[in-house]
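Among the features that TrEMBL reports, active site is placed at Asp252. Annotated Zn(2+) 1 binding site per TrEMBL: His17, His19, Lys103, Asp252, in sequence order. The substrate binding site annotation in TrEMBL covers His19, Leu20, Arg21, Asn45, His140, Leu224, His256, Ala268. The Zn(2+) 2 binding site feature in TrEMBL is assigned to Lys103, His140, His178. Taken from TrEMBL, the feature domain 'Amidohydrolase-related' covers 15-320. Positions annotated as N6-carboxylysine by TrEMBL: Lys103.
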Amino acid sequence: MSKFIKKIIIKKPDDWHVHLRDNEVLRKVVKYTGKFYKRAVIMPNLDNPITNCSKGIAYRSRILKSMHLNYQFQPLMTCYLTNLTIPKELEIGFSNKIFIAAKFYPNYSTTNSKTGIKKISDLTSVLECMEKIGMPLLIHGEEMHKNIDIYDREAKFIEKTLDPLRKKFPKLKIVLEHITTKESVEYIKKSDFNYLSATITPHHLMLNRNDMFCGGMKPYLYCLPVLKKNTHQMALRKAISKGDKHFFLGSDTAPHLHKNKINLLSCAGIFNAPSSLLSYVKVFEEMNALKHLQSFCSENGPKFYNMPINQETITIVKKPFKIIEKINIGKDIIIPFLSGETLNWSLENKY
Ligand code: NCD
Ligand code: ZN
């Protein structure tokens, strides 16, 4: 059926998980998110993380200054939790709309997480406060221990950290970010979506670990949580194709300089802002589920965050769209996801 669809009109989407970085990278990448999305949740894991209100305010204004094309774009800021975070800071940040949420990175789980949390019990007073004021907790859900296999970290996190946490704080609003496994899909589907939802990236929907390792190892597909087996990819695709309210768009666009991707230690992260929305369209089309595209891209996120659904619409048409090959940053470059490839959907009349 959907192969006959040539035009889709949906409420303007939001991206609920974005890394914009800072300085020249910020100035060069922000327009790609601004083109496709009205609002974006901005991750706080800068080299110098956003750990308090004044850093949040300053970073937000740097983002707005870098956005020339789309003055409607709204960055929604998040606070990076450390074992020094005090509840009062979050209360002030949330009630004054400086922060929309706070982010929990397990210690050494991903890019810039060396000041992440070692023991979740260090956050008890912070989580009590967040539960009381209704401030969402965004989680990088991987259990970090040298004896836990990297492919099992997400499932182990649910068992060892998330499930006990939810029993202790049943009214805490939680987003399990960038889920990658069938265990996460199953666990989340059982929950009340007002209290536990999840974002899903385009790359985890489109790819599995074979794509990364077969025919040569591709560092540009290295991200965290790492790409999983095909059966997990299928579970994610099925989850979104049913229009389930628990799941919404969070691209995890995460730019890194080429020299840091192609290095003895490659940085984790995929810069997908130029292609993310049109990649999701491709997946929904393949799943014959375009009728659920709008709920995933534009409705389920705002419902979880108790925010209005965008009123303006975008029109997506069946027309080839070539993804840019690279972005120049000083003497270096950033290569986007699907660099130079052609997708068969475009935004109408714009690019
Ligand atoms: C992200 C980054 O580079 O900041 N990397 C990634 O692989 N996803 C951090 C994160 O979300 O884990
Ligand atoms: Zn991320």
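Residue 1 is the first one shown; counting continues down the chain.
Cβ coordinates come from backbone N, Cα and C, glycine included.
Everything TrEMBL records as a feature, shown here on the structure.
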{"residue": "His17", "record": "Zn(2+) 1 binding site", "contacts (Cβ under 8 Å, 6+ apart)": "Val41, Met43, Leu138, Glu177, His178, Thr199, Thr201, Gly250, Ser251, Asp252"}
{"residue": "Leu20", "record": "substrate binding site", "contacts (Cβ under 8 Å, 6+ apart)": "Leu26, Val29, Val30, Thr33, Ala40, Ile42, Met43, Ile63, Pro75"}
{"residue": "Arg21", "record": "substrate binding site", "contacts (Cβ under 8 Å, 6+ apart)": "Val29, Leu46, Pro255"}
{"residue": "Asn45", "record": "substrate binding site", "contacts (Cβ under 8 Å, 6+ apart)": "His19, Tyr80, Lys103, Tyr105, Thr110, Thr111, Asn112, Ser113"}
{"residue": "His140", "record": "substrate binding site", "contacts (Cβ under 8 Å, 6+ apart)": "Lys103, Phe104, Tyr105, Pro106, Ser109, Thr110, Ser113, Gly116, Glu177, His178, Leu224"}
{"residue": "His256", "record": "substrate binding site", "contacts (Cβ under 8 Å, 6+ apart)": "Thr111, Cys267, Gly269, Phe271, Ile334"}
{"residue": "Ala268", "record": "substrate binding site", "contacts (Cβ under 8 Å, 6+ apart)": "Thr110, Thr111, Tyr222, Cys223, Leu224, Val226, Ala254"}
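Leu224 (substrate binding site): 20 other CB atoms within 10 A of its CB, across all protein chains. Other residues of the chain with a Cβ within 8 Å of the Cβ centroid of Lys103, His140, His178, the Zn(2+) 2 site, are His17, Met43, Phe104, Tyr105, Thr110, Leu138, Ile139, Gly141, Glu177, Asp252.
Compute the center of the Cβ atoms of His17, His19, Lys103, Asp252, which mark the site for Zn(2+) 1; besides them, the chain residues with Cβ within 8 Å of that center are Val18, Val41, Met43, Asn45, Leu138, Glu177, His178, Gly250, Ala254. Not one of the binding-site residues listed as His17, Leu20, Arg21, Lys103 brings a Cβ under 6 Å of any atom of ligand 1. On the 0 to 100 pLDDT scale, the domain 'Amidohydrolase-related' (15-320) averages 97 in the predicted structure. Around the Cβ of the residue listed as 'active site', a 10 Å sphere holds 27 further Cβ atoms from the protein chains shown. Checked against ligand 2, the recorded positions Arg21, Asn45, His140, Leu224, Asp252 give Asp252 in sequence order as having a Cβ less than 6 Å away from one of its atoms.
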